[in-house]
Ligand SMILES: *[C@@H]1O[C@H](CO)[C@@H](O)[C@H](O)[C@H]1NC(C)=O
């Protein structure tokens, strides 16, 4: 096709879409949107998505298909993988297609350009270079020792597979290479990635949630940055594979998935024990894939799951939050333990981001975000008792206990895991998107809480899991050394025969417990990103300058203690004051793809990878937000 003809076709499609959206917006009946064969999805708060390709009002031949700018449409058919045309046992007709444009009303997320000092930004350059140097070292080691495998074990120098063996570290870091300006490396990596065969794996089963957020997210993020069509084809192949995990009687995906069984077309059924994170975080990648390919089936599949979360949100034992263990087979969400962290983080992270990726056209995600954060703020965030009475918050766990008279009461535990520190970013982002000023304050206190916890330990690094003493009130919280020691005592010496001669001070000394900490059940640091992720988000939203120096201090603390010959290694015990700490032979790919990426972006020009242009998925992959709707006069 000549360039002019393509342009004309483009204009024609654009005009058609405007007509189509206009006509749809005027239609008040949403009935045709609900898939008739899945009664589950009949919800009273149906979002007005663009009706899909099977709507009788819009015969297929009239639809703007493809819906992309013509240049981006793959002109070669995707590799015909077994997954593409695998017959489904429980087929659905996809009736929901995601919108492709944003409404105008979403507020700006980032602080205005003039709030960031140019001089300050300039002085971050050398810090940024240090982060890139750390990345380059890890990347080079991975290239020479573990290329095309999932991970490098940095001490032994051995390659490790664990997530399908498709080269996780490469796919996970395509966009990091692009963002850090390593374009030659990016090109080489893409050449390897497009040869991945998603039909071959030695793994008996894969974690579909991890494959989705890291590998599919990685491909889509790299495609959005580079527009390299081959990456979209790969993403589609993988999307088709993951789609097969949704082929269960109730269309709930299998998260620990025997894909060989699925390929043999044997019966599949969703699991009885899964978590909100695993079940509820497909929507960003699947929406993006539908938006890019014009095939609504991916979005439709993930949306069905999210509608279930929406319907069950207010009938859990702690209305507004979802329990940390879910039964995906029966759709019974009746667990009694609730947290924003570990088992649930990806779901909560996803809500406001799905709203953005759907162009602000989904009141459902806004509602889900607002209800979840309201309950979390009232029940699971707490002020820890600290020696200098810091006005901070931490995210804890809530148990819902049944009392004898049939009522229930909640019990808050000051039990924190590293992953829960994403919650500062959650409130910072949601507060900006939905214009809720108190969420900015909560975000600030949560970020300060995780910084306080980091600085309380001798290496300046927060351990994976620890317990603190929650104050009864968030407004006043005087330090009481006796209460702290009693809590420690209660924790360690309460069995059936408590030791009467138990020496609490010796215990605290031997276990290196900083003041305010009751126990540290998991003393490791696994090179995780959540604190810097939240600091980055809060910085971009608020322009709070002191976060830059704090972030630099954290980077130095981590780099100084985890750097080894082949990159960086996880730490066995961050409570030990030993400056030459014990390393674990593990370097998760999230160290490069998330932790170092967020450190790099923290020190970049605030306009780079602007949050008004990109949504970062749960694994740190940037997905381009839809352009704002153009309204004709
Ligand atoms: C890290 O190491 C550098 C270089 O040895 C040193 O200047 C810096 O103070 C250290 N920082 C921390 C936080 O340990």
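Including glycine, each Cβ sits where the backbone N, Cα and C put it.
All annotation found in TrEMBL is predicted automatically rather than curated by experts.
Quantities reported herein were computed from a predicted structural model and do not represent experimental measurements.
According to TrEMBL:
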type	residues	note
TRANSMEM	7-24	transmembrane segment
REGION	35-62	region 'Disordered'
ACT_SITE	210	active site, proton donor
ACT_SITE	345	active site
DISULFID	421-450	disulfide bond
ACT_SITE	464	active site, proton donor
ACT_SITE	530	active site
BINDING	618	Ca(2+) binding site
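Where TrEMBL records a feature, it is marked here on the structure.
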{"residue": "210", "record": "active site, proton donor", "DSSP class": "helix"}
{"residue": "345", "record": "active site", "DSSP class": "helix"}
{"residue": "421", "record": "disulfide bond", "DSSP class": "helix"}
{"residue": "450", "record": "disulfide bond", "DSSP class": "helix"}
{"residue": "464", "record": "active site, proton donor", "DSSP class": "coil"}
{"residue": "530", "record": "active site", "DSSP class": "helix"}
{"residue": "618", "record": "Ca(2+) binding site", "DSSP class": "coil"}
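Other Cβ atoms within 10 Å of the Cβ of residue 464 (active site, proton donor) number 20 in total over all chains.
Separation of the C-alpha atoms of residue 210 (active site, proton donor) and residue 618 (Ca(2+) binding site): 10 Å, rounded to the nearest whole number. Within the set of active-site residues (210, 345, 530), the lowest number of other Cβ atoms found within 10 Å of a Cβ is recorded at 210. Around the Cβ of residue 450 (disulfide bond), 26 further Cβ atoms fall within 10 Å across all displayed protein chains. In terms of Cα distance, the recorded positions that sit within 10 Å of residue 345 (active site) are 618, chosen from 450, 464, 618. The recorded positions listed here are 421, 618; among them, 421 has the most other Cβ atoms within 10 Å of its own Cβ. Take the Cα of residue 450 (disulfide bond) and measure to each of the recorded positions 464, 530, 618: the nearest one is 530. Among the recorded positions listed (421, 464, 618), 421 has its Cα nearest to the Cα of residue 530 (active site).
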